[in-house]
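Sharing the feature lines straight out of Swiss-Prot:
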type	residues	note
REPEAT	11-94	repeat 'Solcar 1'
TRANSMEM	17-42	transmembrane segment
TRANSMEM	69-95	transmembrane segment
REPEAT	121-205	repeat 'Solcar 2'
TRANSMEM	127-152	transmembrane segment
TRANSMEM	180-203	transmembrane segment
REPEAT	235-319	repeat 'Solcar 3'
TRANSMEM	239-265	transmembrane segment
TRANSMEM	294-312	transmembrane segment
Amino acid sequence: MSNGGNAGKKSSSYFHFGAGLGSGILSAVLLQPADLLKTRVQQSNHASLFTTIRELSQSPNSIRSFWRGTVPSALRTGFGSAIYFTSLNALRQNVARSNLLRTIGVVEQKSMVHSSSLPKLSNLANLTTGAVARAGAGFILMPMTIIKVRYESNLYAYKSIAGAGRDIFLTEGFRGFFSGFGATAIRDAPYAGLYVLFYEELKKRLSHIVHSSPQVEGLAEKVDLGLSKNMKGSTSASINFGSGVLAAGLATAITNPFDAIKTRIQLQPKKYTNLVMAGKKMVGEEGVKSLFDGLGLRMGRKAVSSALAWTIYEELIRRAEAVLKREKELVV
């Protein structure tokens, strides 16, 4: 009995790791041009989006130029998503199973039709678990993040990913692979926490609206995990994607200053040595506007990438759990 439970937990972890990896790689490849443009715009105080697009379009191999840095970006985002979703699921499952936390209201006890099969927690629990999981994943993937940002930038003439890593180590040492981690953590942890909070709340509200509409009234028969049997996969995916877009837009707008500072530190660590100094220098030399460089690009990219990654992830998990449930029923 115990072995079966452990096997189930391992299978669940593999499901979440695989789903996170697949969703992360796909979203990274599709949205690499937007990520590259954001890096180029943020690295300079005079380059506009249209100027940057024109420069890339006029390069010898324009298509390839827009997808420069795709490999490190896909590796970072893919494995970052895999680690993040796996650790986030573990945290949320442990919180959901805690009788103490359930007693004080951290776990939602009210059952309702929902577009997701993931654990239902309070806003505070969603905020905290999202932030903790992202900070941990960010630290593990920081070296790849540094290589990705440097490789995308035109401040460095790196010809390969290996060459970029070698140059960073020789010129800055091991510490160079973690330049800007403070700014990255301060940006990513709150972003992830806010995203999960907004995302789960929006999903809950949209699921309630859809379920309460005349077209789906009376379809309230539920299965385990609070998911309606009659809520079609396409309906769930639409709710999840819409919630993801809105949640990402809100979280991105709030955390963009840290993203702008982080990019400067990672690109020019000798000029911008730490978070506070970089922020003061940017505001003093370029004004408050510099803290919101690339906001439009980042908001657009984050809205699509986060919504896409979470929708694919949730759909893969939903299908995997449905298959697993059918297999268990056949065994019984």
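Here the Cβ of each residue, glycine as well, is placed from N, Cα and C on the backbone.
Values in this document were obtained by computation on a predicted structure and should not be read as measured data.
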If I take every residue in the repeat 'Solcar 3' (235-319) and average their pLDDT values, what number comes out?
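The average pLDDT of the model in the repeat 'Solcar 3' (235-319) works out to 88.
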Six or more residues beyond either end and a Cβ under 8 Å away: which residues meet both conditions relative to the transmembrane segment (69-95)?
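Same-chain residues near the transmembrane segment (69-95) but 6 or more away: 12-13, 16-25, 27-29, 32, 35-36, 101, 106-107, 118-119, 121, 125, 129-130, 132-134, 136-138, 140-141, 144-145, 147-148, 151-152, 161, 192, 196, 309, 313.
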From the DSSP assignment alone, can you count helix, strand and coil residues within the repeat 'Solcar 2' (121-205)?
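Tallied per class, the repeat 'Solcar 2' (121-205) gives 71 helix, 1 strand, 13 coil.
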